[in-house]
Amino acid sequence: MWVRQVPWSFTWAVLQLSWQSGWLLEVPNGPWRSLTFYPAWLTVSEGANATFTCSLSNWSEDLMLNWNRLSPSNQTEKQAAFCNGLSQPVQDARFQIIQLPNRHDFHMNILDTRRNDSGIYLCGAISLHPKAKIEESPGAELVVTERILETSTRYPSPSPKPEGRFQGMVIGIMSALVGIPVLLLLAWALAVFCSTSMSEARGAGSKDDTLKEEPSAAPVPSVAYEELDFQGREKTPELPTACVHTEYATIVFTEGLGASAMGRRGSADGLQGPRPPRHEDGHCSWPL
C-alpha cells in the first residue's frame, strides 16, 4: 500500500540520479572498483621468471588491460596490453599477459628476468563504452638479484668434470689390472705352445735325419765268403775206393835169415812187432 503512495516524480528523480552517477548502470561495468595487483613485493634471481597477478571483479570484451611500469620520473610506461583475447607486447616480447580460465585473473609474466627489470609495476583497466575511463591498481615492486650459482650445500654432489675424470681413472685402472694378467697368460700359453711345437718338429726332424744317415754312417761290412781250393777238396766227399785185395806171402826163413829178416822187419816196422792192419786198408784180411 505504501508503494502505491510513492509519487512517480520521486521515482523518476531517483532513476535519473542513478543514471548520472553510474550507481546502477556504470558500476557493474566498471572494473576499477575491485582492481588488484599482487604480490606487492617480488624478488627473483637473474634469469628466472617473474609473475604478477592482476584481478578484475568483472570483465567484458569492451575493456582493455594494460601492464605499466613506473619510470624514475613517476611516469607510466606501457609494457604490454591485453585486448580481444590476445596479449600484445609493446617493446619486449618477454612481457606477456595470459588470461586464466576464470576470465577474471590475468598472469603478467616477465621471462628470463634481467637486472634492469627491477622496478614498480601496476595494471590498468580502460573502459571505452559508454565513456572512456581509466583506472590503475596499486603498484608492486620487483627486485631482480644476481644470478644464483648452484651450490652443493643442500644436495652435495661432485662436479661433473671431476666425477667423469675419477670414473675414467677407475675404469682405466681396472682395465689395466684385468688386462695385464690376461695378456701375460696369453703370452705364456703362446710361448708354451710354440716351444712344444718347435721341440716336436725338431724331434721329428732328428728322427728323420737319423733314419736317413744310418745306412751311410754305420755301414754293415759284407764279406764274400769264397771257398778255397783245399777247402773245396776237403768238403768234396770222396767216393769209397774199391777195396784192393793185396795178397801177402809169408816167407819163412831159417833162424838166421829169420832173425835178420825179423830184424829188418823190426827195423822197418818198429820194435813193436808186425804192424797191425789199418782201417784205411778196407776190410782186407790178412794175407794167408
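Quick reminder: no glycine exception, Cβ is built from N, Cα and C everywhere.
Among the features that Swiss-Prot reports, compositional bias 'Basic and acidic residues' is placed at 277-288.
Annotation comment: Swiss-Prot describes 31-139 as domain 'Ig-like V-type', evidence class sequence analysis.
Marked as region 'Disordered' by Swiss-Prot: 263-288.
The annotation motif 'ITIM motif' is assigned in Swiss-Prot to 223-228 on the grounds of experimental evidence.
The motif 'ITSM motif' feature in Swiss-Prot is assigned to 247-251; the stated evidence is experimental evidence.
Taken through DSSP, the topological domain 'Extracellular' (25-169) splits into 21 helix, 64 strand, 60 coil. The topological domain 'Extracellular' annotation in Swiss-Prot covers 25-169.
Marked as topological domain 'Cytoplasmic' by Swiss-Prot: 191-288.
The transmembrane segment annotation in Swiss-Prot covers 170-190, and the record cites sequence analysis as its basis.
The predicted model assigns the domain 'Ig-like V-type' (31-139) a mean pLDDT of 90.
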